[in-house]
């Protein structure tokens, strides 16, 4: 057996350079590059290997470990999980910063390879800088925190362990049904240890991402179920995008007269204008999709995890005889809601179902319900686009909460802009092939409902983990995946303050992104939640502490986000009117450097509920009668929800 003597880190880099994937006959390099923030736990091991011979791996310098890992996740998501970035950090806090990102990847079924440095395998210098000592177990380090949020986890305590660990790592990273975060912890001494690795370990490896063929019996059972149903609805999930099954979905809907709603992950798999596309469904769904869903007697979920936001906490589907049919590559997800399951690739399953349903001449029983629902939403959408603030008699979309202080906000911001009119204007004024990115706050709800995707794969929402701070890092990752497209991070002031450090990386790499920052003076989404369930506005607005009350109910805190970003070298704009917004968007298109548009919008002017309910915990006992009433409403709604 021929061998080559390398350090563990050098062998890892050499191995990663030889990984390829094949999908539908197309072969491409799997690991494009590696994000790094070097520290004592990785710079002299993996850092040395990357400096000496990175191969074709592109090395990027992150600014925050969570941020760079989120950029890697967004890159892989935009690449439909067929190309990834790796990420390496030092020990301790650097590694811990990536734990949140690992959870984001695993929750969304997005592959990311995390390579945190670790403490010494020999334990000679224990406790090393940034090590946590556990008296009961000296094998435990910060990196064990990744176990709960990784789809595969390993620690390389000896150089020869790298071989079996990386084979398993690639298995998970290239498996559509089980992919997510893969964490390979690298003790800093082992990174530099040499070993005679077999040359065969470094051979070119092609990992075939195979389309799982549906079983004939499963297709037969699904056809018999559909045959009995008059008003089915399809849920278009992220699996439709990753399977590239958009055309098959459109043809299926058209042939059998079946409408479909979109999840956050599935939105823009098909353009919004398709006649059977109802738009967003569920808690953050629109009027059309949710009206049809309530009366559906069959729900056909394609590539969806059926999260509470999609199912309205299992209360959205109210037909007394509603049943579920699920197409998913994951057996775990296919079993949810006690569904009839077709465990298969979305495209192949749709083709098989189409063939069999054509044989029996199936067509749904809808008459004009789809058109009526879509027209109702189009009228509502037009209204939202034209919501204008006025001091006298204005009714905000989320009414009854902060009505009395809207004038204060308008004067403080020197703005009368509403969030819905701004979103409508942006949707009209940016390029049709531009890509928007979002994750948290009130914007995901507004965007799932209101955004019209005119081109496929132009809507990129991280809503599996809804991680605040994903937006700007995610925009960088999307830009790296789609360098010829304009990319827009749709971010609230709360998320911006949480994490925006990869703006600097975008400047460094000359990867222009556009940040559209909606400043409404607080955590508006959660303010809606607390006030909608009987609480007052408590620690969710950005206000000074009031010396008289001792609470955070003083005057509003002025924050100049444009000035903040300008310090990094970002081209910035301040927007208080629609005219200024249009000018800023047009000028931003001409820039070669990253931009930020600071948009002052009024609170409570985001969209609100449309025929949906969300199950959240409410205090069963309280001196506040409004909270007691909220608990009563929750219990009443829960009676209408499925139990499992």
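From the backbone N, Cα and C atoms, a Cβ is placed for every residue, glycine too.
Taken from Swiss-Prot, the feature thiamine diphosphate binding site covers 65. What Swiss-Prot lists as region 'Thiamine pyrophosphate binding' is 442-522. According to Swiss-Prot, the Mg(2+) binding site annotation covers 493, 520, on the basis of sequence analysis.
This view paints the features noted in Swiss-Prot onto the structure.
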residue	record	DSSP (3 states)
65	thiamine diphosphate binding site	helix
493	Mg(2+) binding site	helix
520	Mg(2+) binding site	coil
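Within the same chain, residues at least six positions away from residue 520 (Mg(2+) binding site) with a Cβ under 8 Å of its Cβ are 409, 419, 442, 492, 493, 601, 602, 603, 605. A 10 Å cutoff on Cβ-Cβ distances gives residue 493 (Mg(2+) binding site) a total of 23 other Cβ atoms nearby, all chains included. Sequence-distant neighbours of residue 65 (thiamine diphosphate binding site): residues of the same chain at least 6 apart with a C-beta under 8 Å from its C-beta are 37, 87, 89, 94, 95, 97, 98, 101. Averaged over the region 'Thiamine pyrophosphate binding' (442-522), the predicted model reaches a pLDDT of 98.
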